[in-house]
Amino acid sequence: MNAIKFLTQNEAIVMDQLLMGKKYAFSTDSLMELAGLSCASVIQHVYPTISKKVLTICGPGNNGGDGLVASRHLVQFGYDVNIYYPKRTDKELYHNLVTQCKHEGIEFLESMPTNDQLNNDYGLVIDSIFGYSFKGDIRSPFDTIIKDSLNNIKTPIASIDMPSGWDVENGNIKNLFTPDLLISLAAPKLGSKSFKGKHYLGGRFLPKEFLKETNLTIPKFNGSNQFVDITNYQN
């Protein structure tokens, strides 16, 4: 496997800005669509048969948007998905994503399921609360969701880009939950080096010239795959 560069928080922010600048001309919605599709593809690969429902917990930013897109694609793949999206934004992009999900028949929950419900009624919980831009304290209602629910349930958890609440560069310094599956997007973040579960890289959208300009090294994607397994990668 080719070498992999783990990004600092600032590197991830700068690269995202470059990707969406005039030179490379990507838009937020196009990147979100590709990221969400890759997340759904990883989940279908790792959990091909889930007899129970899937719950996606969405945060207010782009990571939550990735979760909305992934949920829509999972329904297309045959999964039964619920979404809990407690803190929404007024931006049109997110309104559109919610509308698209509703037209797929996805139910948006009014309240967070209890831990018993999560353990008994759901076969997978998707954590799309916070991504690479997270820093500082975990605020309501996500502090309760993470500390009271995700920290204590037995249902498998799949985190998008970073496990929510982890320090992007230093990892799980707050002793929070560890997901069963982590789907890093574009390139893994420095804080995920300590992650010991199933680890996949998604977000297959970086142009060759972009990789050269940024000296970013990522593994090769095979064929038309939207992801690559980096679980056994050793630095």
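Just so you know, glycine gets a Cβ as well, placed from its N, Cα and C.
Swiss-Prot annotates Asn62, Asn63, Gly64, Gly65, Asp66, Gly131, Tyr132, Ser133, Phe134, Lys135, Gly136, Asp137 as (6S)-NADPHX-binding residues; of Asp80, Asp116, Asp161, the candidate listed for that same site is Asp161. Binding of K(+) is annotated in Swiss-Prot for Asn63, Asp127; the matching candidate from Ser27, Ser30, Ser164 at the same site is Ser164.
For Asp161 ((6S)-NADPHX binding site), the number of other Cβ atoms no farther than 10 Å from its own Cβ, over all displayed protein chains, is 29. Secondary structure from DSSP puts Asp127 (K(+) binding site) in a beta strand.
Ranking the binding-site residues Asp66, Asp127 by C-beta neighbours within 10 Å puts Asp66 at the top. Sitting within 8 Å of the Cβ centre of Asn63, Asp127, Ser164, and not among those site residues for K(+), are the Cβ atoms of Ile57, Gly59, Gly64, Gly67, Ser128, Ile129, Phe130, Gly131, Ser159, Ile160, Asp161, Met162, Pro163.
Asp127 (K(+) binding site) is 9 Å away from Asp161 ((6S)-NADPHX binding site) when you measure Cα to Cα. Between Asn63 (K(+) binding site) and Phe134 ((6S)-NADPHX binding site), the C-alpha separation comes to 10 Å.
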